[in-house]
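Asker: This structure is in structure tokens; I'll ask about it shortly.
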Amino acid sequence: MVRVPGPGLCTPPSACWGPTASHYQGSSGLTGKDFRRPVTLVSTGKRMDGGSSGAEYETLSWGACTPAQWLLTVLGNWLQGKLHGRRVNRSRPHCTCVRAAGASGRQSSTWASIGMNAAVRAVVRMGIYVGAKVYFIYEGYQGMVDGGSNIVEADWESVSSILQVGGTIIGSARCKAFRTREGRLSAACNLVQRGITNLCVIGGDGSLTGANIFREEWSGLLEELARNGKIDKEAVEKHAHLNVVGMVGSIDNDFCGTDMTIGTDSALHRIIEVVDAIMTTAQSHQRTFVLEVMGRHCGYLALVSALACGADWVFIPESPPEEGWQETMCAKLSENRARKKRLNIIIVAEGAIDNQNKPITSEQIKELVVKQLGYDTRVTILGHVQRGGTPSAFDRILASRMGVEAVVALLQATPETPACVVSLSGNQAMRLPLMECVQMTQDVQKAMDERRFKDAVQLRGRSFEGNLNIYKRLASKTPDSQIPKSGCHVGVINVGAPAAGMNAAVRAAVRVGISEGHKVFAIYDGFEGFARGQIKEIGWSDVGGWTGQGGSILGTKRTLPGKHLEQIAAQMRAHSLNALLIIGGFEAFESSATFAEARGDHQEFCVPICVLPATISNNVPGTDLSLGSDTSLNAIVETCDRIKQSASGTKRRVFIIETMGGFCGYLANMGALAAGADAAYIFEEPFDIRDLQSNVEHLTRKMKTSIQRGLVLRNESCSENYTTDFIYQLYSEEGKGVFDCRKNVLGHMQQGGAPSPFDRNFGTKISARAMQWISTKLKEARGTGKRFVTDESICVLGISKRNLVFRPVVELKKETDFEHRIPREQWWLKLRPLMKILAKYKASLEVSDLGQPEPVSGHSEPAAI
């Protein structure tokens, strides 16, 4: 764990709006009193004295040292002994530069990715937070080559109000000059003149490759500049090393080593919005639609879109259709129409090919369907709509986390450290060697060129491979005659409050269950319906079109099974249920614990039982994320964007927003991070009147800047006494004459709406995995009459960091605060300081990393599903 000191360790109290340095202070022991005047150092926090790495450090007051010695001392105290024994270089030149490169495979390109601005904001503010001087380089590599007004120092306010803006505020452009040595010489000269020796590059594999080439040539470029008299030898020595950290900004998600790239989730939102709109007209007129999506030579957007909307067929370059696909596809479309399905959706990646590497076009598919089936068929090419619009909550949070991690990576870099890229693996931010990832990305294209398509799929990573396997399983029904019957009956039930993604999970459970040879029974209206016998066998076609529907089609209630155990046991006997899949929130978790305790009295509960967390509150133990929370976050962020716009137009106005979540502050905290709020009040972090007063003072100081609006989020149960009305009245009174205040209770709008692409995909994946787990358990007991009485036979399936994990309910009970219905430990609390830092408060941030890039091979293992 690396603890990044608060701004009290890097800037004087006058440079921040927030409370005193000790208010959120970490364990390092330094406060604002150690400094006497504003810091004007242009540094990323790198050590600059050139001394040996084994030196010891002690706290010095500002008046007792030079700026270089001061920063050296401050960073030495928190870096020493915290980097896993690594030595830290102290001869580092001293500026950080931010640039956004293009999202295509070239060295730089015109394409920007949705969400880049969140990354730019995070890098700028984190850089300033640790005492750095941060520069924008406008227009990508072209701006670096041209210099002049294209390289401009950034300040805190220059990245305000950009979270909700698509594209990139610092521009991106193609640059042929940077591909030449002369161009790179000019770029190096421009950077050295400003003391810039650290680059944070946001772009695709081509842009990142260009940055690495620049880094490798750096010393040679400086020597040549010195020979030509453009810089002196002192400048060569002072700027001897260039450090590069990359973040992948690309809607294509074509970069190996990361599960998601910045912009991909937002592009999926645009695609699914179009698909949902098209499905209404297709349903009315019984049409077939062929939708072409972007992605170049990567089929991720097409594949996940097909999974999220239940498309009939998908064409992706990594997995071309087999010979005779024309007849197979038409037969499937015809079969679906025979099942009374009124529409067909075919999704085509723009780089789709057949197994001979020949292109498959949208028009070609349309002509085929019209000719062989006579269906009314339309083609829709989404084009650059996918690159535009407002970034999703997922992309904002992802980019913010990556931006902060990138700055920390630069803080820890040494001349021996290879260029790295910040990536996402599961739910964890990682650092990977840049060129290994680039090489693997190029290997994918090479595998496709050589028609080694299985290798191409595996090189894309386990997430891609898992999505493909699930799509194939859910899209086509195997003839009943070819499915071996298991003789097992599996019940599926929704419990608790409605959550977006429940229906996608039910659809996947039903279809995977049927493909495993089971009979699947839908249980309606929660445990009340279970007790009354509202149970019906459900078939493959019955769940068609469920993926994109919000709420719960099966119906759901918060009622627990405790009062109905006798009736539920009787219904399980009557329907011969051999397993149970419970999809729901904390009530689902409690219910499974009740069944575990009741096994001694009711042998009907001695069956495999799996809980899938589905609640907007994200308060179920055993998982980092729950179904529905992403959709709810997007609803909150969209509302906050509109409210911020209103506040900006009115000027000097602060909004208090109340979110749902019970006692769990996930929605308030993550919503604040994604919306760029000034504060978030949550139950997990107790606060008092002094904290409220400090926040009011923070906003009062903020109103004196050019950012004359405020946004504060409050979890509905964060405090019994400090209610939304109380906080509103306090802010109104204390801010009188400086700002006025408004309040807004979002309420049940957070539960409604169509599921986000993430929730559709996540629900499908975990439900499929759960049914496979149930099938495995049932196969183990087949023919033996075995009863399931072990703790491991009642589990919660959740995501933990990088993996899907089954955790026994009995084990999770020890980790649960039942009074407040939350886990005792919650991963997202580690991101809370990040929200405060980006809002210009003082906080100590712990960044989980190894301090050293990990090998990429660890992220390309076969998919678990």
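A Cβ is built for glycine as well, from the same backbone N, Cα and C atoms used for every other residue.
Just lifted these from TrEMBL, have a look:
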type     : residues                                                                                               : note
REGION   : 1-476                                                                                                  : region 'N-terminal catalytic PFK domain 1'
DOMAIN   : 114-409                                                                                                : domain 'Phosphofructokinase'
BINDING  : Arg174, Cys175, Gly204, Asp205, Gly206, Ser207                                                         : ATP binding site
BINDING  : Asp205                                                                                                 : Mg(2+) binding site
BINDING  : Ser250, Ile251, Asp252, Arg287, Met294, Gly295, Arg296, Glu350, Arg378, His384, Val385, Gln386, Arg387 : substrate binding site
ACT_SITE : Asp252                                                                                                 : active site, proton acceptor
REGION   : 489-865                                                                                                : region 'C-terminal regulatory PFK domain 2'
DOMAIN   : 490-774                                                                                                : domain 'Phosphofructokinase'
BINDING  : Arg558, 615-619, Arg653, 660-662, Glu716, Arg742, 748-751, Arg821                                      : beta-D-fructose 2,6-bisphosphate binding site
Asker: Over all pairs within Ser250, Ile251, Asp252, Arg287, Met294, Gly295, Arg296, Glu350, Arg378, His384, Val385, Gln386, Arg387, the annotated substrate binders, what is the largest Cα to Cα distance, rounded to whole Å?
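Answerer: With Ser250, Ile251, Asp252, Arg287, Met294, Gly295, Arg296, Glu350, Arg378, His384, Val385, Gln386, Arg387 as the binding residues for substrate, the largest Cα distance is 32 Å.
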Asker: Return the residues near His748 (beta-D-fructose 2,6-bisphosphate binding site), defined as same-chain residues 6+ apart in sequence whose C-beta is under 8 angstroms from its C-beta, sorted by sequence, else 'none'.
Answerer: Met660
Asker: Distance check, please: Cα of Arg387 (substrate binding site) against Cα of Cys175 (ATP binding site), rounded to an integer number of angstrom.
Answerer: 21
Asker: Just to verify: the residue among Cys175, Met294, Val385 with the fewest other Cβ atoms within 10 Å, which of the binding-site residues is it?
Answerer: Val385
Asker: Over all pairs in Arg174, Cys175, Gly204, Asp205, Gly206, Ser207, the listed ATP binding residues, work out the largest Cα-Cα distance in Å.
Answerer: 15
Asker: Can you tell me the three-state DSSP label for Arg378 (substrate binding site)?
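Answerer: Note: Arg378 (substrate binding site) is in a strand by DSSP.
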Asker: Counting across all protein chains shown, how many other Cβ atoms sit within 10 Å of the Cβ of Arg378 (substrate binding site)?
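Answerer: Around the Cβ of Arg378 (substrate binding site), 15 other Cβ atoms lie within 10 Å.
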Asker: Any idea what the Cα distance is from Arg296 (substrate binding site) over to Cys175 (ATP binding site), rounded to a whole Å?
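Answerer: The Cα atom of Arg296 (substrate binding site) is 20 Å away from the Cα atom of Cys175 (ATP binding site).
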Asker: Taking the Cβ of Ser250 (substrate binding site) as the centre, count every other Cβ atom within 10 Å, in any protein chain shown.
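Answerer: Excluding its own Cβ, Ser250 (substrate binding site) sees 30 Cβ atoms within 10 Å.
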Asker: What is the total of other Cβ atoms whose distance to the Cβ of Arg558 (beta-D-fructose 2,6-bisphosphate binding site) is within 10 Å?
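Answerer: A count of 14.
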Asker: Near Gln751 (beta-D-fructose 2,6-bisphosphate binding site), how many other Cβ atoms are within 10 Å of its Cβ?
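Answerer: The answer is 19 other Cβ atoms.
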Asker: Just the number: how many Å between the Cα atoms of Ser250 (substrate binding site) and Arg558 (beta-D-fructose 2,6-bisphosphate binding site)?
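Answerer: Distance between the two Cα atoms comes out at 41 Å.
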Asker: Between C-alpha atoms, which of these binding-site residues comes nearest to Arg378 (substrate binding site): Cys175, Asp205, Ser207, Arg558, Gly662?
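Answerer: It is Asp205, whose Cα lies nearest.
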